[in-house]
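Note sheet for the following structure.
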Amino acid sequence: MATFAVSGATLGVARPASAGGGLLRSGSERRGGVDLPSLLLRKKDSSRAVLSRAASPGKVLVPDGESDDLAATPAQPEELQIPEDIEEQTAEVNMTGGTAEKLQYSEPTQGIVETITDGVTKGVKELVVGEKPRVVPKPGDGQKIYEIDPTLKDFRSHLDYRYSEYKRIRAAIDQHEGGLEAFSRGYEKLGFTRSAEGITYREWAPGAHSAALVGDFNNWNPNADTMTRDDYGVWEIFLPNNADGSPAIPHGSRVKIRMDTPSGVKDSISAWIKFSVQAPGEIPFNGIYYDPPEEEKYVFQHPQPKRPESLRIYESHIGMSSPEPKINSYANFRDEVLPRIKRLGYNAVQIMAIQEHSYYASFGYHVTNFFAPSSRFGTPEDLKSLIDRAHELGLLVLMDIVHSHSSNNTLDGLNGFDGTDTHYFHGGPRGHHWMWDSRLFNYGSWEVLRFLLSNARWWLEEYKFDGFRFDGVTSMMYTHHGLQMTFTGNYGEYFGFATDVDAVVYLMLVNDLIHGLYPDAVSIGEDVSGMPTFCIPVPDGGVGFDYRLHMAVADKWIELLKQSDESWKMGDIVHTLTNRRWLEKCVTYAESHDQALVGDKTIAFWLMDKDMYDFMALDRPSTPRIDRGIALHKMIRLVTMGLGGEGYLNFMGNEFGHPEWIDFPRGPQTLPTGKVLPGNNNSYDKCRRRFDLGDADFLRYRGMQEFDQAMQHLEEKYGFMTSEHQYVSRKHEEDKVIIFERGDLVFVFNFHWSNSFFDYRVGCSKPGKYKVALDSDDALFGGFSRLDHDVDYFTTEHPHDNRPRSFLVYTPSRTAVVYALTE
């Protein structure tokens, strides 16, 4: 019995096939990470894609000869190519040891469209007994976008063509696959599926000449379990149960598919594998047949929370969530970090790096196994336990999902899976992201649509995630991927030659699926381009996201932090925070994980730099740099939350001004040019979160953490981020003052470095008594307590700053004060 060490679990691998079933214990009470090195394999790129119709020619936008803008002139849409010779055919399938059954072909499209009945799924078009039917609503007319934004009428040809393509694909899926609900359950047909009689394994690999299932269960003998291929490139094998009724492949066994391909003989991990691990001393990961006994399967105990009106998201990474220099576990995050997130006042946790990735330092963005949760942190059951605990605490759990690209790895990823360059990806340069060194999906391929839609469905269904943050959406929507491109807001930049309509249609489909089957699920898109209609519902003609990440805000703060305080323009700050599209919601943030990576700095480190090493203890005198840094750190975060959007995000640790940067463990790397990049001796020192700093009552970090907590609870109480009433009444460049209203709150920011103002008149709309609801200068928050919180502020009928009423306040320098209407 060979044993693999996995965080929070022991994975026993049985060999040979006659041995008893492998054992995978949940181990949810164990703590700590796994001390296994993880290296990224760089191989030549090869893959293969299947197109069910002409791809790029029908998607190109051509310039209108009578206009300066790029007009979207659609080509004639082509019908899905249905092989005439297989309409209404049936094919016998010999399932050794089981019952010979039939696969029904009914006008199939390119790919797999058979309805399979094997005693477990009862057919992908049939519902599980007792399950409430879920149906994705039919498409709308896609015309409401022109009411919302009449300017879009100038680009109607493009937008109408985009919507017609979406409707065409939806109609084809409805006709040939039984609808999106059935189409998105590809994991019930492909990969490993279990029935009462045995195990069926199917894999789409049209480029392969032959295939065999190999693994510990058959001593890796390529002649023992050869597979058969159907007309659509799907390889299949059925393994009947052993004589004693046990499965032919023990739970926890290593498995791969061995194929003779145009690129030679290769072993690959199933594209649909549910778990994979890296053995000690090995570089590539191994696919694991994951089917634990019923008594070891985690059973969810708590209902999923309803979607809140406003999202306050705590962005996190499981592996680096420990104060100790190690890879943390799902179990430890569940027990130690989730209660912290709840206490801080956030209502959602967004988890990065869930999908398996062989290179730890990729931050989880170079995915190798799309259906497998990362084994570095524990088992799938441990992840389910984490999510269930979050739901018990009332926290939504959002997954940072990567459908914008895939790892370049050929041994344990999708790249060159069947020995061709165009399997799941575009061929040639279009299939390679030159900056990310990764492969780019062909969203015009039928089977790619099945794979990605099923992947989104899998995480929502199997693990009970409450939604997604889609990574790299700008890269998906444009053939230039947003690289070396400055978006000015000209609509021709969004609806021109560079728009990848196939990718946009995929985003419409996946949002259709998410919102149709899981109405409370949240969909957030990482888009820096400002694509119009991005957050408009699909039936109205939009792309369908609930929120766009307001990425320009963080860039603006870094830009300002490189300047002197005197150079800060109040109007510029307000414009950046409020520059978002009408009726399209945004999640804003002052900084995310991006700003904390090596080569950059957190806001706190930009502000206080090396003084953080020596002057953060309360028993030592502060410095002007520390005082300035702590004050501005609080103000920046509050004004961002107050004006920046309908949701707010913070990367873990930044709430208390986490020092330094993030640097994953890495060794030296030799570039193709021969240049050697030094590593960090595979150190975890900068790949952890020092929560102990924020908790220490003898350090100044504690005050910043207390302020962030008070800020979250203020939003929970007043719901100001989603208030319909928002009015900016003052942007005074000389005073360096910003004043605005949201709901029944009045926010007063004094960014001046030295000037405090007595009897400063503040305009407001509602009459009555106001009191201090939040004061960044409170001693609890590391301030100087220059305000008396017992003072009542009564309005007078004195118009000011275009407001009908006003009241007088004292506004100290570098402070942010929120006044709440009490009577």
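In case you wondered, yes, glycine gets a Cβ from its N, Cα and C as well.
As given in TrEMBL:
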REGION    1-74  region 'Disordered'
DOMAIN    333-688  domain 'Glycosyl hydrolase family 13 catalytic'
ACT_SITE  Asp471  active site, nucleophile
ACT_SITE  Glu526  active site, proton donor
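Model confidence over the domain 'Glycosyl hydrolase family 13 catalytic' (333-688) stands at 94, taken as the mean pLDDT rounded to a whole number. Taking the C-alpha positions, the distance from Glu526 (active site, proton donor) to the residue listed as 'active site, nucleophile' comes to 5 Å.
With a 10 A radius on its CB, Glu526 (active site, proton donor) counts 21 other CB atoms from all the protein chains. The Cβ of Asp471 (active site, nucleophile) lies under 8 Å from the Cβ of Tyr365, Asp400, Ile401, Val402, His403, Ser404, Glu526, each of these being in the same chain and 6 or more residues away along the sequence.
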